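**Q** Quick one: this structure, given as structure tokens, is what I'll be asking you about.
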Amino acid sequence: MNKYKRIFLVVMDSVGIGEAPDAEQFGDLGSDTIGHIAEHMNGLHMPNMVKLGLGNIREMKGISKVEKPLGYYTKMQEKSTGKDTMTGHWEIMGLYIDTPFQVFPEGFPKELLDELEEKTGRKIIGNKPASGTEVLVELGQEQMETGSLIVYTSADSVLQIAAHEEVVPLEELYKICKIARELTLDEKYMVGRVIARPFVGEPGNFTRTPNRHDYALKPFGRTVMNELKDSDYDVIAIGKIADIYDGEGVTESLRTKSNMDGMDKLVDTLNMDFTGISFLNLVDFDALFGHRRDPQGYGEALQEYDARLPEVFEKLKEDDLLLITADHGNDPVHPGTDHTREYVPLLAYSPSMKEGGQELSLRQTFADIGATVAENFNVKMPEHGTSFLNELKK
């Protein structure tokens, strides 16, 4: 008999809670995502996360300890060697990743692009982090006139290739992206995904078409999600979860437009009758505020998210478990634009915890979540991770 019928896992993308012991190796000494945001805001107002025990993990400005937290609390240390979204999420579901995915804030190395030009017979323009729509305004006309390829990236581990459908036929663009995918399997260029970005229209009026195609990497091993799906449990992926795992182990995928849309979809799944997990990623924290180094926007987004939690609490049943965590840090006052190597919070709550919660021991890997989920549903345990299921007392 499963202890919990439904587990709701929420990943607050990039919400770190202070530098990890190995932060120095990543150039991240002193990083502290929530702590620095709380200072910037002169106190964060997150009463619902505080009730769950956020301030019991660590007190910060506006976030204090409570006498009787509703849930169990601790922080987790990442074991894998990367600090990107895919590594963090894959580890949460039981994998250990020793090859970090690369990000290219200065553009891609010349050797990689030379090889791509040679293999495709087309010149490359762009080669920088850019917004997909702005890059067309800047380089779309040149691409049409020269037949070159617009190559660009973002703050994530991606290589994107844009070309006009009437200049580079779709099939050729897809073939080019497959070549780029092969080249970026090399450790020094390892990107999480290569994306074909076809567009149409005239200079001054370009639009991206729905013919986008992603060449992602599947997780390097079976995750707890695969085990759940193969045992006929539901795995409902909300937000970019299905993309992060390239659809592996997902039984239903719900797309989201924003954090608030993500919270709406979470409430929708709370109203559904299922047995298994609902897995939500709230990406705005990272994409809109962390990379853009906007502590004010980040703080407001955290408060906006916190204000939605009562709806979640209200709908949770006695045999439900809510797990809230993060996948890495992205301190908006830290130098640069990259993620930061930090501990992440872990909060566990069920309405069946009548006595309230207490501190769990420090988790040595994010995979402890995957192990806990696996034990609850009695599926094959991941190679990595230690379950804390039995520490959660009803």
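Each Cβ is built from the backbone N, Cα and C atoms, and glycine gets one as well.
Straight from Swiss-Prot, here's the annotation block:
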- Asp13, Asp327, His328: Mn(2+) 1 binding site (BINDING)
- Asp286, His291, His339: Mn(2+) 2 binding site (BINDING)
**Q** Using an 8 Å cut-off from the Cβ centroid of Asp13, Asp327, His328, can you name the remaining same-chain residues around the Mn(2+) 1 site, in sequence order?
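**A** Nearby residues not in the site list: Val11, Met12, Ser14, Val15, Thr85, Gly88, His89, Asp286, Ala326, Gly329, Asn330, His339, Val344.
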**Q** Counting other Cβ atoms within 10 Å, pick out the least crowded of the binding-site residues His291, His328, His339.
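**A** If we count Cβ atoms within 10 Å for the binding-site residues His291, His328, His339, the smallest count is at His291.
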**Q** Pick out which of the binding-site residues Asp13, Asp327 has the most other Cβ atoms within 10 Å of its own Cβ.
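**A** That would be Asp327, with the highest Cβ count within 10 Å.
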**Q** What other residues of this chain sit with their CB within 8 A of the center of the CB atoms of Asp286, His291, His339, the recorded Mn(2+) 2 site?
**A** Asp13, Ser14, Thr85, Ala155, Asp156, Ala287, Gly290, His328, Asn330, Thr337, Asp338
**Q** To the nearest Å, how far is the Cα of Asp286 (Mn(2+) 2 binding site) from the Cα of Asp13 (Mn(2+) 1 binding site)?
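**A** That separation, Cα to Cα, works out to 6 Å.
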**Q** Distance check, please: Cα of His339 (Mn(2+) 2 binding site) against Cα of His328 (Mn(2+) 1 binding site), rounded to an integer number of angstrom.
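**A** Between the Cα atoms of His339 (Mn(2+) 2 binding site) and His328 (Mn(2+) 1 binding site), the distance comes to 7 Å.
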**Q** Could you state the whole-number distance in Å separating the C-alpha atoms of Asp13 (Mn(2+) 1 binding site) and His291 (Mn(2+) 2 binding site)?
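**A** Answer for this pair: 11 Å between alpha carbons.
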**Q** Quick one: give me the count of other CB atoms within 10 A of the CB of Asp286 (Mn(2+) 2 binding site).
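**A** Taking every protein chain into account, the count is 26.
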**Q** At the level of the C-alpha atoms, what whole-angstrom distance separates Asp327 (Mn(2+) 1 binding site) and His291 (Mn(2+) 2 binding site)?
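**A** Distance (Cα to Cα, whole Å): 15 Å.
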